[in-house]
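Engineer: Dropping the structure in here first, questions after.
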Amino acid sequence: MSLPLTEEQRKKIEENRQKALARRAEKLLAEQHQRTSSGTSIAGNPFQAKQGPSQNFPRESCKPVSHGVIFKQQNLSSSSNADQRPHDSHSFQAKGIWKKPEEMPTACPGHSPRSQMALTGISPPLAQSPPEVPKQQLLSYELGQGHAQASPEIRFTPFANPTHKPLAKPKSSQETPAHSSGQPPRDAKLEAKTAKASPSGQNISYIHSSSESVTPRTEGRLQQKSGSSVQKGVNSQKGKCVRNGDRFQVLIGYNAELIAVFKTLPSKNYDPDTKTWNFSMNDYSALMKAAQSLPTVNLQPLEWAYGSSESPSTSSEGQAGLPSAPSLSFVKGRCMLISRAYFEADISYSQDLIALFKQMDSRRYDVKTRKWSFLLEEHSKLIAKVRCLPQVQLDPLPTTLTLAFASQLKKTSLSLTPDVPEADLSEVDPKLVSNLMPFQRAGVNFAIAKGGRLLLADDMGLGKTIQAICIAAFYRKEWPLLVVVPSSVRFTWEQAFLRWLPSLSPDCINVVVTGKDRLTAGLINIVSFDLLSKLEKQLKTPFKVVIIDESHFLKNSRTARCRAAMPVLKVAKRVILLSGTPAMSRPAELYTQIIAVKPTFFPQFHAFGLRYCDAKRMPWGWDYSGSSNLGELKLLLEEAVMLRRLKSDVLSQLPAKQRKIVVIAPGRINARTRAALDAAAKEMTTKDKTKQQQKDALILFFNRTAEAKIPSVIEYILDLLESGREKFLVFAHHKVVLDAITQELERKHVQHIRIDGSTSSAEREDLCQQFQLSERHAVAVLSITAANMGLTFSSADLVVFAELFWNPGVLIQAEDRVHRIGQTSSVGIHYLVAKGTADDYLWPLIQEKIKVLAEAGLSETNFSEMTESTDYLYKDPKQQKIYDLFQKSFEKEGSDMELLEAAESFDPGSASGTSGSSSQNMGDTLDESSLTASPQKKRRFEFFDNWDSFTSPL
């Protein structure tokens, strides 16, 4: 790789260039005096000049503006007299096309080069606000076959403009001043070839003005010329080239000849999504030349920042040997935020601009990126100075950034994070405040510093729920509170409020279950996304404080849930959005969440899309699916909108396991299943029942619970997948539950494995490795009794228990499939519990057993202290009697195996069997295969009473 030029080398090159220009100017002036007499003779006899048959007329530039740097090229086959001019010469003079005969130099025999060129005017971008330049100051070069020639009126004078004004903006953002008139580019090589190929005496010259198109002239006739060197037909297929980062795209319909050209380029790349071809900039010239030779294709070139439709490489080929004017080139760029303290100037090289950069006190130069950066406090100063440079356009930072970083623009702090004051939480329940971890307390401080409007995007398992409750409690005087959550966790939020705000009465919480419920019935109103869209009429009363859990559900502004939620968020004074998976790779999905928190940020999505979504204009409209300037977007969000911490950032503050009860919605249990559950509960409390009959009724109740939980379990799993969970384990016991889960995952095309009692040992190991090595979404559906030991799933950090098991040792062993050697994260354990089912009695029973073992020193695990939302148990005598029955049934030695075998052999459809006639009275229609898992060998439960194995180190 070649090393970049130093400043001294650049200065030396520039000095040599200026010396060469001066020498050439002196030479041209000397030759000009030698030709004065011949030029005067032509002017003195206009009729003779008019009748000269072989005189070639100078070719004007194809630049679309009269003030631009113009190159004039002419092929001279002989040194004859001046060519014919129109009778109405004054009209052509007004347009700047024709010159007076005395202004037209005569070709010098023996000294004319093959091509004759003239450089006139100033830089094209200056056409927007052109200074008045005397005609004598316009620089012009005309080359003969051996020496350069100049007209008598030309003087070599450097362009000077003592007073500079900011350039006016172009009329359209889709075109630059260089090609605003729609003129296609010229290729110097192709023109030279065309001139050489012309017959003797038929030289083609181009005549162009700021308002007319390029026209070739052959044998004294003017003909309209298309944009390429090859004559294009009326029905030629039109397309254009568009910049795409460091490459360019070709937007055009299908053309077999052009596709063949595409395939010959080494940097070709076809995008099947957009159905477009893109190439490296190195192949641009080759592609344009090939496209110009195709009569069926009319390809518009790139729009360059230099104000020309030609690439620098293409135009430079036809201008070899000509002196360039670097001081007249036009550069355009923009400012980009690279940190809280610094911004960067993303712009091409300009000598004047570099000199200005060096005047800034905080300047920094990155050798790798070759870009300059400055402190934010110098942003306004730099932009003001750059506006004094007529050849430079540097766009400042967007208004949104200047508002978000107003304090930094005033006085820059080098701190990586903003200073957040400590919030006064004295009026919040002490139980809640005392249970906040340090990073959670910092999150509450951040939210209050932002006025209660933020996107809390902490990683999953970092306690966004408790932080949101604390933030909302700080603004308790502004309640009623609206909480919008996924349907599967409505009752989990209810339990969380009751746990962390003990001063709150249970009657104050209103969980909306159906579309007929009132949305404003309580001080705290909890509703699902889907029901919110059905209760729009009740949203006329504004809520001042709103919590949105899993706010990424609002990513699509066209959905009913988003249309219902956005008006509520716009009028709310406090908006607390919770999301564990902000879509940083697809900024378009973040837009609705950003404007929900900060409505004044990017009121128009298009401005947001252009800067951060890599917006592209396609034949069918704008494409916002990409991403750009993600570093700047992240800085903006973290400064004003979003707070995000990863598990790796706060791992030292997290426990090894975080257990959580998820109270699933009982409303999903249908009437038939509810009636069966009630009948089974009644059967257990009926008097005059033997112990065996009571135990059979208990097993039936346990099986009915499995059937009742299926819809809510599936809904919760799908919510986890939609929330961005990539890998997790799901444990269940009944075969009907395992089957329902796997069927839904197959229907949703989610990669998963299943291990139950029918899975062989060799197959288990293969499935385990498949799950461990998978990089995509993966769910392991496991049987509690068949896959609770001997397997390692450390690549996941979440375990979901769809069902409870009466022996806590089995549950702990199942948890440890994830919490093993190789696990580098805190493990989340979610227990799905349904009210009104056997879970009401199994969960307290599990806690009681663990507590007894912990007091005896046989277990280090305490479910009560390590689990959220543990305080629920029905208090009426009937429920207590059922709980006692569960406790007595499972406390006898060997009862585990007996009850397990009874549950597995239970056939509710038969009149005989373990359950007797009670199953007939229940009217159950489920068969045995759908209710129980595969039969297990007795050796799988020999470890139940060996509690040391549960507490020994991994």
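Quick reminder: no glycine exception, Cβ is built from N, Cα and C everywhere.
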Engineer: Which of the listed residues, SER123, SER505, has Swiss-Prot annotated as phosphoserine?
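Structural biologist: Per Swiss-Prot, the residue annotated as phosphoserine is SER123.
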Engineer: Tell me which range among 53-56, 309-312, 549-552 Swiss-Prot lists as motif 'DESH box'.
Structural biologist: 549-552
Engineer: Which residue from SER129, SER934 is recorded in Swiss-Prot as phosphoserine?
Structural biologist: SER129
Engineer: Take the domain 'Helicase C-terminal' (716-869) and average the pLDDT across it for me.
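Structural biologist: Mean pLDDT for the domain 'Helicase C-terminal' (716-869): 80.
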Engineer: Taking helix as H, G and I and strand as E and B in DSSP, count the residues of the motif 'Nuclear localization signal' (644-661) in helix, strand and coil.
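Structural biologist: Its residues divide into 6 helix, 5 strand, 7 coil.
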